[in-house]
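Take a look at the structure below.
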Amino acid sequence: MADKTVKELADMVSKTASAVQQQLVDAGLPARAEGDLVTELEQEKLVTYLKQSHGQEEKRRISLKSKTTSTARVTGSSGKSKSVNVEVRKKKVFEKPDPEKMAEELAAREQAMIESQARAAKDAEDRAATKKKSEERQAATLAAMRASLGSSKKSDDKNDDISTSVVVKKGGKTTIEVKPKEQPKKKVAATKPKVETAVERKAREVREKEEARLREIETETRRTQAEEAQKRTLEQMRKMAGQYTDQPATEVRKDEPLAEGLVGDALEESFEKERREIKRGTSSTTARGRGRRKNQDEREIKNRKNGLRSSQSAQHKFEKPVEKIVYDVEISEQITVSDLAQRMAVKAREVTKLLMKMGEIARESDTIDQATASLIVEEMGHNPVPVSDTKVEDDLQDAADERSSNVQTRPPVVTIMGHVDHGKTSLLDKIRETKVATGEAGGITQHIGAYHVKTARGVITFLDTPGHAAFSAMRSRGAQATDIVVLVVAADDGMMPQTEEAIDHARAAGTPLIVAINKMDKPSADPDRVLNELTAKEVVSEEWGGDTPMARISAKTGDGIDELLELISLQAELMELEAPLDGPAQGVVIESRLEKGRGPVVSVLVKKGTLKQGDLVLAGEHYGKVRAMTDEHGQRIQSAGPSIPVEILGLPETPAAGSEFLVLTDEKKAREVADFRTNRERERQLERQNAMRLESMFDQMEQGNVSYLNIVLKTDVRGSLEALLSALNELSTDEVKVRVISSGVGPISESDVTLAESSEAVLLGFNVRADATARRKSDTANMDIRYYSVIYGLIDDVKAAMSGMLAPEHREKILGVADVREVFRSSKFGAAAGCMVVEGTIYRNKPIRVLRNDQVIFTGQLQSLRRYKEDVNEVRTGMECGLAVRGYDVEAGDKIEVFEIQEFARTI
């Protein structure tokens, strides 16, 4: 879900904005105004709060079950072996912890950590104090020794050469060493017996005491290590024994050593022995194996003599992989099951099986959300990497913005909007001194036209938008890509539906609005009425104290056009429009079409940078190099700056109108982004297809008989295609639905005719024609191809075709009423009624109803109708008659009502 305002959330849940604001406050979120945005995280928190408030608990436990089957050979009592299927079932439960319990555990862990740190600090202080006392004691001993050495009378030159050193060892242990100084070697005849002095004796005693203390500490340390090794060995044995029991042992991390203590030493010794045997070549027991090993050793010796190193020594030829390959799986917000399986290098059915165990039924082409996909990836032993759908495009846009520089003033982009036939194109023709309106089919604009005009006040770029109701998307794109909106209103016609829609588009885009009241040259012009109607839509003129500039003009005579251009230039100066001139070009696709001999032709409006011939352009889902560039007059140009519309050639397909384009330098990056957008669009289409399939299923359950009008549609440009598709979808009713089998841009081809023939569809062309092959195919198949140049005609013909598919409407018409005055018996008909016709005409062969006390009690046919004993076919008002009702006995006072059912054709 995207970020939404409080007002949008209220509209989604059909509640008032104040109620949604109160719910946000109850959920613990800060108070928001109606126009403030609510982030996705806050929306999820609000939904969680509402679920809990309605008594719905969050699902905290997910159980996963797996089953593996293997075959084992077992020897029976008779000595024969047989195969036995061994089935191992495992169950794994993922339980989401309770937030309260998590908070308690976290607090307990923090308290334990604080206590541990306090104990560690206290131990460190005790060790420091002990070390200090030991050093002081050793220093005192050394001082006493030095004092005794100075006062000794038996000191001689040999004793003076004694050097005393204090060595402080690690752990606070201090030893005193007494060493004689080195003397030059002299030749002596005989060695005199060495006499131990008092200082040497004292030093020896201190050294012996210290060595004894060290031996005690070492003995204690060895004993402690032996006990710890024994504990680790027992624990390791318990873990190894647990693998052969039904209950799984405690999980051990992959990075822990295989074994410790006695077991680890034994395993290590075994591995070392195997490595030594491999090196010596004694691991092969058979003669054949010994022969191969001998030959291999001879080759190794020969290679060593030649200065080569054998790559086969001290290792096996083949090592079976013992660890599973773990992938880092990138998961977007929506991903299909097949794509997820491909990224994990497994088959799609493995993922679907795991989904079924989790309670999700999904096919390979179905999409799953990011959370479910992450759980699947973790269960299969891989690392999920959540990726945002817009990360690639955001990085691309950031890189493009960093390369932009040299900001300069750019021309304004002005969009002309208004109701159909209010003079928008005529106004542009007068400004450009052209005659575009006279060449438009039906006299109305059906495409977005882009022009840049050099006026006395500078260059201005104009966008001409259609005014027909079907082109709402085009007008919305025009308002988004523009700087200023000029709203054209006819002075003799006033506000119309598309005029109000244009005002809404301008407000939604936050674009300044300038009103041009056109057709002031007509006698029926009433500008005050237009001002009143605009004020009702909160568009107040500056003349009436508002902030909307208005100009009274005449596109026919040219009056007021200079004033309008002056208002546009003034508004552009106030906006201070700027754009970087250097760097890669960025902009928006205005329109795209497919021309024979030229290929895809794309009309673009440059917003930043400079577009040059040869640039690599990425537009929507397609990319390619610009082979040629032309302006609106068809003249070849080499470059186009900001706010300049151009037509480019070189893209492989026609991009969607309204999509943004960007110039890149790296073709690999362009291909990556294009593939990403293509995959995203494919996922969206799959979602729409699933939704349509579900919707059609419900429709078939609710409605037993629905007719479909199949259509194959081809248009000249993408904008017209979007407008027609939207208009045709709006024509669908509960009884007749429009189904567009295929649509595209370009001329009608043979494949279109074949598709229309196989699907029994109507083939329609809007401003395009069929090629020679398609015409021959249509003649052979006796298929009619309809061509249109005005959108009115196409929509009207589709409505007529849908009306012909509607079931006729049945209506009852009362033809006559007769009162039963008397009932008598007839030997031929039984009960017969004498009646007076009080209204209309009574017909013998029409259905009748018998009314008693103004309630229908019988519906059937007349068996006989007579007047004066003669059989007649009808009796008019004011005449008496006798009649007999087939299968029913009437009574005096009843009314006989004659009616007929008429059929009426229905229309859309």
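From the backbone N, Cα and C atoms, a Cβ is placed for every residue, glycine too.
Neighbours of T465 (GTP binding site), defined as other CB atoms within 10 A of its CB across all chains, total 27. Here Swiss-Prot flags 418-425, 464-468, 518-521 as GTP binding site.
Sequence annotations record features per position, and here Swiss-Prot assigns compositional bias 'Polar residues' to 65-84. Taken residue by residue, the compositional bias 'Polar residues' (65-84) breaks down under DSSP into 0 helix, 15 strand, 5 coil.
The compositional bias 'Basic and acidic residues' annotation in Swiss-Prot covers 94-108 (among others).
Per Swiss-Prot, compositional bias 'Basic and acidic residues' is recorded for 120-138 (among others). With DSSP classes pooled into helix, strand and coil, the tally for the compositional bias 'Basic and acidic residues' (120-138) is 19 helix, 0 strand, 0 coil.
Annotation comment: Swiss-Prot describes 176-185 (among others) as compositional bias 'Basic and acidic residues'.
According to Swiss-Prot, the feature compositional bias 'Basic and acidic residues' maps to 193-229 (among others). Residue counts for the compositional bias 'Basic and acidic residues' (193-229) under DSSP (helix as H, G, I; strand as E, B; rest coil) come to 32 helix, 0 strand, 5 coil.
The compositional bias 'Basic and acidic residues' annotation in Swiss-Prot covers 270-280 (among others).
For 294-303 (among others), the entry in Swiss-Prot reads compositional bias 'Basic and acidic residues'.
Annotation source Swiss-Prot lists domain 'tr-type G' at 409-578.
Feature annotation from Swiss-Prot assigns region 'Disordered' to 52-229 (among others).
The annotation region 'Disordered' is assigned in Swiss-Prot to 241-316 (among others).
Residues or ranges marked as region 'G1' by Swiss-Prot on the basis of similarity to another entry: 418-425.
Across the region 'G2' (443-447), the prediction's mean pLDDT works out to 44. According to Swiss-Prot, the feature region 'G2' maps to 443-447, an assignment based on similarity to another entry.
Feature annotation from Swiss-Prot assigns region 'G3' to 464-467; the stated evidence is similarity to another entry.
Remote same-chain partners of the region 'G4' (518-521), defined as residues 6 or more beyond its termini with a Cβ less than 8 Å from a stretch Cβ, comprise 422-423, 426-427, 488-493, 527, 552-557, 559-560. Taken from Swiss-Prot, the feature region 'G4' applies to 518-521.
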Secondary structure of T465 (GTP binding site) (DSSP, helix/strand/coil): coil
Helix, strand and coil counts within the region 'G4' (518-521) (DSSP): 0 helix, 1 strand, 3 coil
For the compositional bias 'Polar residues' (65-84), sequence-distant contacts whose Cβ falls under 8 Å of one of its Cβ atoms, 6 or more beyond its ends: 90-92, 357
In three-state DSSP terms, the structure that G418 (GTP binding site) belongs to: strand
Binding-site residues compared (G418, D421, K424, M520) - highest count of Cβ atoms within 10 Å: K424
